[in-house]
Amino acid sequence: MSALRLIVGLGNPGPEHAQTRHNAGFRFVDALAERTGARWGLDSKLFGETAKAEIAGHTVWLLKPATFMNLSGKSITAALRFWKIEPEQLLVAHDELDLAPGTARLKFDGGHGGQNGLRDTIRLLGHGKFHRLRVGIGHPGHKDRVVPWVLGRAGRDDDMAIGEAVDAAIDALPLALDGNFNEAMKRLHTPKK
């Protein structure tokens with residue numbers, strides 16, 4: 001499996017969205033940039049903010065699309081073209097309703113599962129053959145409550161759990177960057193004793 005070269009966090013831009021559950025992907029790449037000392041800069045040709053990070057001996061591009069969640073594919077595909085990166089070398093971090101807060105899961109390939117940022121990316125790529133980091137935000141219990149749930153802020157306990165999941169995913173990332181995606185999955189998916 002190809003080593004990762006681009007890590008994208010999905011979210012909505014602007015301070016009013018900064019702490020929402022839907023911005024779990026932004027939270028991941030922001031934490032990654034902070035841990036590595038990478039600095040964000042606006043890149044209008046890529047429709048987002050970019051940073052260059054050094055992680056475990058690998059140079060990786062970070063991207064936060066500024067297009068709003070539903071149009072994330074525009075920024076992602078522009079970055080893939082500009083940096084000549086294959087979709088298989090892409091990791092997209094996003095919020096996941098079907099996972100409890102405190103849970104993060106890596107996967108490769110698949111559908112969008114109702115996540116509109118993934119939906120747009122898959123539509124523009126023509127396939128779903130890229131890596132994903134699913135950051136659990138929990139489900140409100142009924143589909144009619146999903147929109148206010150994802151656009152709302154998590155309570156203190158859930159917010160702490162999401163932060164722990166982000167940290168665990170960052171800790172597993174060097175394995176994925178080395179091309180050992182299955183080992184990274186095993187590390188992240190195995191409960192700590």
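Numbering starts at 1 and runs along the chain as displayed.
Including glycine, each Cβ sits where the backbone N, Cα and C put it.
The annotation site 'Discriminates between blocked and unblocked aminoacyl-tRNA' is assigned in Swiss-Prot to N12. In the three-state DSSP reading, N12 (site 'Discriminates between blocked and unblocked aminoacyl-tRNA') counts as coil.
Residues or ranges marked as tRNA binding site by Swiss-Prot: H17, F68, N70, N116. In the three-state DSSP reading, N116 (tRNA binding site) counts as helix. Cβ environment of N116 (tRNA binding site): M69, N70 lie under 8 Å away, each six or more residues apart in the same chain.
Residues or ranges marked as active site, proton acceptor in Swiss-Prot: H22. H22 (active site, proton acceptor) is surrounded by 23 other CB atoms, counting those within 10 A of its CB over all protein chains shown. In the three-state DSSP scheme, H22 (active site, proton acceptor) is classed as helix.
The site 'Stabilizes the basic form of H active site to accept a proton' annotation in Swiss-Prot covers D95. For D95 (site 'Stabilizes the basic form of H active site to accept a proton'), the number of other Cβ atoms no farther than 10 Å from its own Cβ, over all displayed protein chains, is 26. In the three-state DSSP assignment, the secondary structure recorded for D95 (site 'Stabilizes the basic form of H active site to accept a proton') is strand.
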Fewest other C-beta atoms within 10 angstroms, as judged across N12, N70, which are the recorded positions: N70
All-chain count of other Cβ atoms within 10 Å of H17 (tRNA binding site): 15
From H22, F68, D95: recorded positions whose CA lies within 10 A of N12 (site 'Discriminates between blocked and unblocked aminoacyl-tRNA'): H22, F68
Nearest-integer angstrom distance between the alpha carbons (Cα) of H17 (tRNA binding site) and D95 (site 'Stabilizes the basic form of H active site to accept a proton'): 13
